[in-house]
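Peer 1: Feature list, courtesy of Swiss-Prot:
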- C47, C50, C53, C57, C72, C75, C78, C82, C99, C102, C105, C109, C154, C157, C160, C164, C188, C191, C194, C198: [4Fe-4S] cluster binding site (BINDING)
- 63-92: domain '4Fe-4S ferredoxin-type 2' (DOMAIN)
- 90-119: domain '4Fe-4S ferredoxin-type 3' (DOMAIN)
- 122-151: domain '4Fe-4S ferredoxin-type 4' (DOMAIN)
- 145-174: domain '4Fe-4S ferredoxin-type 5' (DOMAIN)
Amino acid sequence: MRFMEEEFYKIFKGAGLIKTLIRSIFLTNRNKFSKPSKTKPIQLTECIGCGLCVDVCPTNAIKIFSFRETICSVCGTCVDVCPNNAIIKDRFTIDADKCTKCGVCVLFCPIPIIKKEIPKPKTPVILKDRCNSCGLCECEAIDIINKEINPEKCKLCLSCIEKCPLQAILTPDEYINSLIVKVDIDSCIFCRECEEICPIRGNYEHRES
């Protein structure tokens, strides 16, 4: 009996049947999991510029697309709502001299990307109504009397923001965000007082007429 077992094993080993059986049982569907040669191209017409793919990509292979060339749908809404005519329609650029950073164009833009086009201040911004001229920041770039930051002297170290006890200094990005109106719809009683004091309300009435 033992002789027959040894001979049977030699036959299997010599013919490679064991390996063949393993391949046929476990590796039959291997081709189904093969890596595709190329990634499916991005459908720019369907992209809303949310940036989620950029956040989750483990190899940082995806980058935010160019604003004017691919994402903007050229709807012109931002041009229509700008109270100071600061947005030029031919290339959807923003005139930094006219832009008051009111954020109205951001509220109306169906694809929330124009916010990146709003001109940002070159230095942190001091909120004068909060600043008490404490002088804790020893940086020569800060004018304590006028509560302003000299862009030529500021090194953007942001140490002034960390030291300010009243949180009266904002980064350029924080400053832009603070200008955009946010309404708590649960707390709003629809008194419309905000409309009465809004400085650009007259411009909207002029556009509607």
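Placed from the backbone N, Cα and C atoms, the Cβ positions cover glycine too.
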Peer 1: DSSP secondary structure for C154 ([4Fe-4S] cluster binding site), reduced to helix/strand/coil, please.
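Peer 2: In the DSSP reduction, C154 ([4Fe-4S] cluster binding site) maps to coil.
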Peer 1: Take the domain '4Fe-4S ferredoxin-type 5' (145-174) and find every residue of the same chain, 6 or more past its ends, with a Cβ under 8 Å from one of its Cβ atoms.
Peer 2: 120-128, 130-134, 136-137, 139
Peer 1: Relative to the Cβ position of C78 ([4Fe-4S] cluster binding site), how many further Cβ atoms are located within 10 Å?
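Peer 2: That number is 22.
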Peer 1: If you run the three-state DSSP split on C194 ([4Fe-4S] cluster binding site), which class comes out?
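Peer 2: Reduced to three states, the DSSP call for C194 ([4Fe-4S] cluster binding site) is helix.
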Peer 1: With a 10 Å radius around each C-beta, find which of these binding-site residues (C102, C154, C164) has the fewest other C-beta atoms nearby.
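Peer 2: Minimum Cβ neighbour count within 10 Å, taken over the binding-site residues C102, C154, C164, occurs at C154.
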Peer 1: What average pLDDT does the predicted model assign to the domain '4Fe-4S ferredoxin-type 3' (90-119)?
Peer 2: 70
Peer 1: DSSP three-state call for C78 ([4Fe-4S] cluster binding site): helix, strand or coil?
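Peer 2: Helix, per DSSP.
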Peer 1: Hey, does DSSP put C164 ([4Fe-4S] cluster binding site) in a helix, a strand, or just coil?
Peer 2: coil
